[in-house]
């Protein structure tokens, strides 16, 4: 294509236009096919990549590590206790230190401001692996999965996020949908509607791309005609019991059940989730929730999670292919 993403950081999908985002998604498809066929290139050969994780991770860490290795890069993992970032050394100083040693930096942590500072001062591409406000790499996998299964152009796929409308994944989905010209519904309690800042940003982009952003408290109205129903956890780990109880009371009516899936009036509707999901009692956290609050399932029922509508594990695999595409597009030799 006639544009170049080399040396660009990947902080939020709002930083990209439709063609750039389509390019990364198309590249992910190509890289996935190459991996399946066993003839991957080494587009990141000789590159050194730092992975900063202030929060624990399964899918994001594995996706960056496997994706980088597939393309010939070397990875250094800095876990929650493995660096001084923000504690004994400022983010700005850390950026300048790591920028002198590495060709690219991934950051997964709390503050969006931190990933922006890393990008500003490191002098190398920085990739947002998750912050409290945004989760852009997740959304590329979400969109690619829906596109693969539904065989529809991206702009024709309709997404509805059901749950906490201020959730970082919902924010990222909204911005991504706006960039791609898609229809996106946030189905959420009034108390948890998206912030004005995020909604204004999405609508500003949507005005240029033809996207449609809808916020509603009505579940039936919000999911009708949708192609994808999306859910995420209701509460982050480490929150107080009072916060758990408050969130559960607010969001219990927004649990994704088979009735919600049927309310789409679309027999081919998909269910997506960024994972991990609390859909049964097979985890210690699930058992604790059941003991304290009497819930055997939270944001999604086990019936939906294990149904033919669910594409969550294909979606999880696609984290690796899309993250690989982001690294190759911004750091590799392919462009």
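Even glycines carry a Cβ here, placed using N, Cα and C.
When 6, 8, 319 are compared with the carbamoyl phosphate site residues 57, 58, 59, 60, 108, 135, 136, 137, 138, 274, 275 in Swiss-Prot, the one appearing in that site is 319.
Among the record's carbamoyl phosphate binders, 57, 58, 59, 60, 108, 135, 136, 137, 138, 274, 275, 319, no two C-alpha atoms are more than 16 Å apart, and one pair sits at exactly that spread. Fewest Cβ neighbours within 10 Å among the binding-site residues 138, 168, 236: that distinction goes to 236.
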